[in-house]
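Peer 1: Feature annotation from TrEMBL assigns substrate binding site to ASN9, TRP10, LYS11, GLY175, SER215, GLY236, GLY237. Annotation source TrEMBL lists active site, electrophile at HIS97. Taken from TrEMBL, the feature active site, proton acceptor applies to GLU169.
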Amino acid sequence: MRQKIVAGNWKMNKNLDEAKKLIKGIKKGVKDGLNDNTRVIIAPSFVNLNTAIKRTKKSSIEVAAQNMHQSKSGAFTGEVSADMLTDIGVDIVILGHSERREYFGESDALLAEKVDAALENNLEIIFCFGELLEDRKSGNHFNVVESQLKKGLFHLKKEDFSKIVLAYEPVWAIGTGETASPEQAQEMHAFVREIMTKEYGATVANEISILYGGSVKPANAKEIFSKQDVDGGLIGGAALKAEDFLAIIKSI
Ligand code: PEP
């Protein structure tokens, strides 16, 4: 049975004190226990990862990094390696977020390198992909998504997919308040499962979790999560308030 996941991407938000308060609020809300098959992940900024790891130790909350560099070490000022993450107890990394692709020029080829580096270090990956508004308007969204998955992930072996979670995030729906309709999300998730089946077989395709991301909030989470191929969400803005994030978790 595939896992249900709600992951909060905090982006460049929350100083140390704010991060502690948010963790405390989420911890309090999930204390009563989640159902067995649901995971809750938070992704604070690099500087708050250590604190997040320490403060979630005795809880069921998991901690992810928002990015990492593809090299082992070296003269890459300002960057963080996979080994640095695992060394402090981080087991998960988000790769391919549209903001990394757009503002930091991360290409599919670079992401394939990051994917390899993460797997070499035994990190689980939340791999993001999704089309721009113009791709959707021109009807090219399926091609774009297929190409992103092929170039970023399809060099991997079947076994590697036990360490991959997919996150479909149509760029036009991220931080815009505009959500893909539950039907649009389902349609793309089903398409992704179809191409995964073609490339890696039905078992891999059925077991991989595919999250939806793009303006998910308490008011729309239940409907989106009710779709057959939507296994949870990657949440941005609504992950910054404990009560909203908890309400979304409860919607799964
Ligand atoms: C995101 O950045 O991954 C995201 C989905 O953001 P938001 O929920 O704010 O649209």
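A Cβ is built for glycine as well, from the same backbone N, Cα and C atoms used for every other residue.
Remember, TrEMBL labels are computer predictions, not curated facts.
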Peer 1: If you count Cβ atoms within 10 Å of the Cβ of the residue listed as 'active site, electrophile', leaving out that atom itself, what do you get?
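Peer 2: A 10 Å sphere around the Cβ of the residue listed as 'active site, electrophile' contains 28 other Cβ atoms.
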Peer 1: Using the alpha carbons only, what distance in Å do you get between GLY237 (substrate binding site) and HIS97 (active site, electrophile) once rounded?
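Peer 2: Computed Cα spacing between GLY237 (substrate binding site) and HIS97 (active site, electrophile) is 14 Å.
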Peer 1: Kindly point out which of the binding-site residues ASN9, TRP10, GLY175 have a C-beta less than 6 Å from some atom of ligand 1.
Peer 2: ASN9, GLY175
Peer 1: Once near-sequence residues are set aside, which residues in the chain of SER215 (substrate binding site), 6 or more away, have Cβ atoms under 8 Å from its Cβ?
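Peer 2: In sequence order, the residues whose Cβ lies under 8 Å from that of SER215 (substrate binding site) (at least 6 apart) are ALA173, ILE174, GLY175, THR176, GLY177, GLU178, THR179, GLY236, GLY237.
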Peer 1: Mind telling me which of the binding-site residues GLY175, GLY236, GLY237 has the densest Cβ neighbourhood, counting other Cβ atoms within 10 Å?
Peer 2: GLY236
Peer 1: Compute the mean position of the Cβ atoms of ASN9, TRP10, LYS11, GLY175, SER215, GLY236, GLY237, which form the recorded substrate site, and then list in sequence order the other residues of that chain whose Cβ is within 8 Å of it.
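Peer 2: Close Cβ neighbours, site residues excluded: ILE174, ILE235, ALA238, ALA239, LEU240.
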Peer 1: Tell me which residues of the chain lie with their Cβ under 8 angstroms from that of ASN9 (substrate binding site), as long as they are six or more apart in sequence?
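Peer 2: Looking at Cβ-Cβ distances below 8 Å from ASN9 (substrate binding site), excluding near sequence neighbours, one finds ALA43, GLN66, ILE94, HIS97, GLY213, LEU234, ILE235, GLY236, ALA239.
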Peer 1: Work out the three-state DSSP category of ASN9 (substrate binding site).
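Peer 2: In three-state terms, ASN9 (substrate binding site) counts as strand.
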Peer 1: Just to be sure I understand the packing, how many Cβ atoms besides its own are within 10 Å of the Cβ of the residue listed as 'active site, proton acceptor'?
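Peer 2: Other Cβ atoms found within 10 Å: 24.
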Peer 1: Long-range same-chain neighbours of LYS11 (substrate binding site), Cβ under 8 Å, sequence gap at least 6?
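Peer 2: Correct list: SER45, GLN66, GLU99, GLY236.
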Peer 1: At a 10 Å cut-off from the C-beta of TRP10 (substrate binding site), count the other C-beta atoms across all protein chains.
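Peer 2: Result for TRP10 (substrate binding site): 21 neighbouring Cβ atoms inside 10 Å.
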Peer 1: Do me a favour and check the Cα-Cα span between the residue listed as 'active site, proton acceptor' and TRP10 (substrate binding site); whole Å is fine.
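Peer 2: Per the Cα atoms, the residue listed as 'active site, proton acceptor' and TRP10 (substrate binding site) stand 15 Å apart.
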